[in-house]
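Asks: Grabbed the feature section from Swiss-Prot, which reads as follows:
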- 8-28: transmembrane segment (TRANSMEM)
- 61-81: transmembrane segment (TRANSMEM)
- 95-117: transmembrane segment (TRANSMEM)
- 145-165: transmembrane segment (TRANSMEM)
- 195-215: transmembrane segment (TRANSMEM)
- 238-258: transmembrane segment (TRANSMEM)
- 266-286: transmembrane segment (TRANSMEM)
- 320-340: transmembrane segment (TRANSMEM)
Amino acid sequence: MKKISNNIFFIMLISGTLITISSNSWLGAWMGLEINLLSFIPLMNEGKKNLMTSESSLKYFLTQAFASSILLFAIILMMMFFNENWMMNNNFNNLLILSTLLLKSGAAPFHFWFPGVMEGLNWINGLILMTWQKIAPLMLISYNLNINFFYFTILLSMIIGALGGLNQTSLRKLMAFSSINHIGWMLMAMMNNELLWLTYFLLYSILSMSIILMFNNFKLFHFNQIFNFSMMNPYIKFFMFLNLLSLGGLPPFLGFLPKWLVIQNLVEMNQLFLLFIAVCLTLITLYYYLRMSYSIYMLNYNKNSWMLMNSYSNNNLTLILTMNFISIMGLLIITLIYLIL
């Protein structure tokens, strides 16, 4: 019975997002966001109940409900003084709606809830929060651009995403700050080209899925568990290492492709200062990916070697290997196809 209810909530989750992105009015978009929110809360509480999960779901609900109420208030204001359409002439209303959507997506300076919520979720729900839950608000943001405010948000997202992950021992919080940094890149892509941010988001989702499925399969949540991970299969360690480099955006892996496209676009638009800051801050995020890789290869903590005994399964091994192959070899395959055609 519980599995059936979870499937229903999952279908509602997908439906809410589709309603939002296909709506031709702000009120319809708001309704889709609410369906999405109310269907994700039960999914957050599935499985083993603990205080961290309950706290995360409550934080998520309060933050999203607050954002939804402000969004509804802004929509009502707009309907009172203007026509109910996508283009707005009122700067205050524009900024109010943009702020609520940034709060829903977890971008800086409205990111405060995101790492704390991620910490209390299992990896699969964390993956949904990092990817699917961002589609609807980011799509609405792309309809409602405010370039001056965008520069501030992009720079702050990249700074917080880079510096926030430096002193983290929790892998979930580290992935949360990584996600905040990637949101900065997506907003930067969105500023110049709508198709470009969708491409970036799709590739980011593939990379996140690849690494999170490995974390989930091997029950890795903290850095000290990675020390024990060093005792495992060397091929698995190698795949984990390459996945982290790919997520960091190093060539010749798939993670380099979205950054390459954004860099090319920024050079064409002559936004070199923004590009310089973005690349410098991304190097900091690459540092904490390399720190994880160093933990996998160099450190061995035998004292707790029993912790990982029988803690992983081979149930999703085919999916994990497929996602690893795409993440690691994707750019090379795309390049070969391009050269052949």
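Glycine residues also receive a Cβ, built from the backbone N, Cα and C atoms like all the rest.
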Asks: Cβ under 8 Å, sequence separation of at least 6 from the ends of the transmembrane segment (145-165): give me the contacting residues as numbers and ranges.
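Replies: Tertiary neighbours of the transmembrane segment (145-165) are 94-95, 98, 102, 107-109, 111, 115, 173-174, 177-185, 187-188, 190-191, 274, 277-278, 281-282, 284-285, 288.
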Asks: Where, among 61-81, 195-215, 238-258, 266-286, 320-340, do we find the most CB pairs under 8 A to the transmembrane segment (8-28)?
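Replies: Most contacts with the transmembrane segment (8-28): 61-81.
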Asks: Could you check whether the transmembrane segment (195-215) packs against the transmembrane segment (320-340) - three or more CB pairs closer than 8 Å, residues at least 6 apart in sequence?
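Replies: Stretch pair touches.
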Asks: Could you tell me what the rest of the chain brings near the transmembrane segment (61-81), counting residues at least six beyond its ends with Cβ under 8 Å?
Replies: 26-27, 30, 33-34, 37, 41, 88, 90, 93, 96-97, 99-101, 103-104, 113, 117
Asks: State the non-local partners of the transmembrane segment (95-117) in its own chain: residues 6+ outside its ends, Cβ under 8 Å from one of its Cβ atoms.
Replies: 26, 33, 55-56, 59-60, 63-64, 66-68, 70-71, 73-75, 77, 88, 129, 134, 136-138, 140-141, 144, 146, 149, 153, 156-157, 159-161, 164, 173, 176-177, 179-180, 183-184, 187
Asks: Same-chain Cβ contacts of the transmembrane segment (238-258) under 8 Å, 6 or more residues past its ends?
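Replies: That would be 178, 185, 189, 199-200, 203-204, 206-208, 210-211, 214, 229, 282, 285-286, 289-290, 292-293, 296-297, 321, 324, 326-332, 334.
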